[in-house]
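Here the structure comes first, spelled out in structure tokens, and everything after it is commentary.
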Amino acid sequence: MMRYFAIFMLLSVFLSSTPARADDGSKASCYQPEALCLHGLPAAQYQMLLPQMLAQPKPNARPVPVDAQMLHRYSLYQIDPSGITLYDAPNGAPIGELPAGLVFVGMRQQRDGWAEVRRGAWSPLSQLRGVPASTYSGLIFNAPPTYPIAWLLQPTQPSSAPGMPPEPTAPLLARYTPFYLFATARADGQDWHLVAPGQWLPAQRLAHLVPAQRPEGVKGRWIAVDLTEQTLAAYEDDQLVFATLIASGRPETATGEGLFRIWARFQWSTLFGGSGAEYYYLPSVPYVMYFDGEIALHGAYWHDDFGTPRSQGCINLSLSDARWLYAWTDNFYADAWVYVWRSERDEQAD
């Protein structure tokens, strides 16, 4: 059965140069035998984009530095989710318990298959699971991005044209890779993005950096959190200076929308709350910035699932990103504005 899709180029307030794009309202089908097409685009359009894709294989930004020693310090241990018993020594007498839930501990020392998790309190190593802190970090911009940007949320083999199966010989693109979006096409009821020569990715596997409009009265440094795309952007007035993936509240503990100011900051803090299976105890959470009551921006060492809602309402950042943002909002900007909003995806049916 013949398939059709409309070709259109993304229009973005990011652009400092104008990419090739289809004429407004144009329709093209590269599944028609008579069509002159390359990789799902009209041949002339693709050839116009090719030099730009080759010259700019990745966004014009540098990654936030990753401090391996810091990540090692925050690579803590999760106890058995059903709870554990603590002992006064290896194979000793019980002295207490740690409750069920999401509970993390440090490790003071190990001995004979046991770990001292608090002074004088021991647990069998079999009841602990080491969780390495995420090595992911976002992007720092010295100039506006040339094209719209998105991050890949899961390892994916690209397709050679929109709506086509992945190419078996194509490289597996790594999770968290940032891409320029050079063109957008619609095929089989969903959007696809051209991210490199002959490489298309479905929009559903990407987190898009959507420009936020500066709220009225906000000046200087401010932060925009997009709950739809699970991204965070930092601006100096209207200039983008930083962007990354986040993890906001789950549907049952959703992060509230609105315009807030950072009202308290702590280089580290212990976070705890909930009850039963929802109980959590997270010691030494780094770079905490409260902006909406008890809701905060902070580093998260207990997961590597950025780009997906999964928190109790706070905005989880990788440790590297949290440290960068904490420093960027220091001193004069310690009470920076935080704008929490939802962008809208154009996912209309064909």
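Glycine is treated like the rest: Cβ placed from N, Cα and C.
Curation plays no part in TrEMBL annotations; they are all automatic predictions.
Annotated features, as they stand in TrEMBL:
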| type | residues | note |
| --- | --- | --- |
| SIGNAL | 1-22 | signal peptide |
| DOMAIN | 221-341 | domain 'L,D-TPase catalytic' |
| ACT_SITE | H298 | active site, proton donor/acceptor |
| ACT_SITE | C314 | active site, nucleophile |
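Counting residues of the domain 'L,D-TPase catalytic' (221-341) by DSSP class, helix then strand then coil, yields 19 helix, 62 strand, 40 coil.
Proximity of the residue listed as 'active site, nucleophile' to non-local residues of its own chain (separation of 6 or more, Cβ distance below 8 Å) is seen for S248, G249, T255, L271, I295, A296, L297, H298, given in sequence order.
Confidence across the domain 'L,D-TPase catalytic' (221-341), taken as the mean pLDDT and rounded to a whole number, stands at 97.
In this view, H298 (active site, proton donor/acceptor) is surrounded by 25 other Cβ atoms within 10 Å of its Cβ, with every protein chain counted.
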